[in-house]
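Q: Please read through the structure below; I'll follow up with questions.
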């Protein structure tokens, strides 16, 4: 099972680039550490555009899972909450529609720029870890494993 590498796609928002480009670097590095292959990196203007890119990647046969990366920084209005909540809902729906894992590596809502900088490593690596683990476990279940406690 683990001989066959998990192939993942990464969707990263360019908005708040000082944060998201570091998230992308950490995510790619962690994927290599987990022996997962990054097949595609799809850069989108902002977090709002992430679901469409996720849908495109999930439709590909060479993608087992998708990692989303972004930073939704708190502003003067509730715009950050609306964006983050809608994106989370849509990527979750896409995961169910395509029966492939999609992890949420989006910092926010409500995060300050300083908080987002502090969370780069955690959010990036956890998102990759989650997607790869789920893809491996789903692959094992599809191959006939009777255990739900698959490592």
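Just so you know, glycine gets a Cβ as well, placed from its N, Cα and C.
These came from Swiss-Prot, pasted as-is:
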- 15, 47, 48, 49, 71, 72, 73, 104: 5-amino-6-(D-ribitylamino)uracil binding site (BINDING)
- 76, 77, 119: (2S)-2-hydroxy-3-oxobutyl phosphate binding site (BINDING)
- 79: active site, proton donor (ACT_SITE)
Q: Check the binding-site residues 49, 76 for other C-beta atoms within 10 angstroms of each C-beta and report the one with the most.
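A: The most densely surrounded of these binding-site residues is 49.
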Q: Across all protein chains in the structure, which of the binding-site residues 47, 77 has the highest Cβ count within 10 Å?
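A: Selected residue: 47.
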Q: Given residue 76 ((2S)-2-hydroxy-3-oxobutyl phosphate binding site) and residue 49 (5-amino-6-(D-ribitylamino)uracil binding site), what distance in Å do their CA atoms have, once rounded to a whole number?
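A: Distance between the two Cα atoms comes out at 22 Å.
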Q: Using the alpha carbons only, what distance in Å do you get between residue 73 (5-amino-6-(D-ribitylamino)uracil binding site) and residue 119 ((2S)-2-hydroxy-3-oxobutyl phosphate binding site) once rounded?
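A: Roughly 12 Å, rounded to the nearest whole number.
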Q: Nearest to residue 77 ((2S)-2-hydroxy-3-oxobutyl phosphate binding site) by Cα distance: which of the binding-site residues 49, 71, 104 is it?
A: 71
Q: Could you tell me which three-state DSSP class residue 77 ((2S)-2-hydroxy-3-oxobutyl phosphate binding site) falls into?
A: coil
Q: Where's the emptiest Cβ shell within 10 Å among the binding-site residues 72, 104?
A: 104
Q: Where among the binding-site residues 71, 73 do you find the Cβ with the fewest other Cβ atoms within 10 Å?
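A: Among the binding-site residues 71, 73, the lowest count of other Cβ atoms within 10 Å belongs to 73.
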Q: Within its own chain, what residues at least 6 apart in sequence put their Cβ under 8 Å from the Cβ of residue 15 (5-amino-6-(D-ribitylamino)uracil binding site), listed in sequence order?
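A: Counting only residues 6 or more apart in sequence, the Cβ neighbours of residue 15 (5-amino-6-(D-ribitylamino)uracil binding site) under 8 Å are 45, 46, 47, 70, 71.
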Q: State which of the following recorded positions has the fewest other Cβ atoms within 10 Å around its Cβ: 79, 119.
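A: Counting other Cβ atoms within 10 Å of each of the recorded positions 79, 119, the minimum falls on 79.
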Q: What are the non-local neighbours of residue 48 (5-amino-6-(D-ribitylamino)uracil binding site), defined as same-chain residues 6+ apart in sequence with CB under 8 A from its CB?
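A: Those within reach of residue 48 (5-amino-6-(D-ribitylamino)uracil binding site), by Cβ under 8 Å and sequence separation of 6 or more, are 83, 86, 87.
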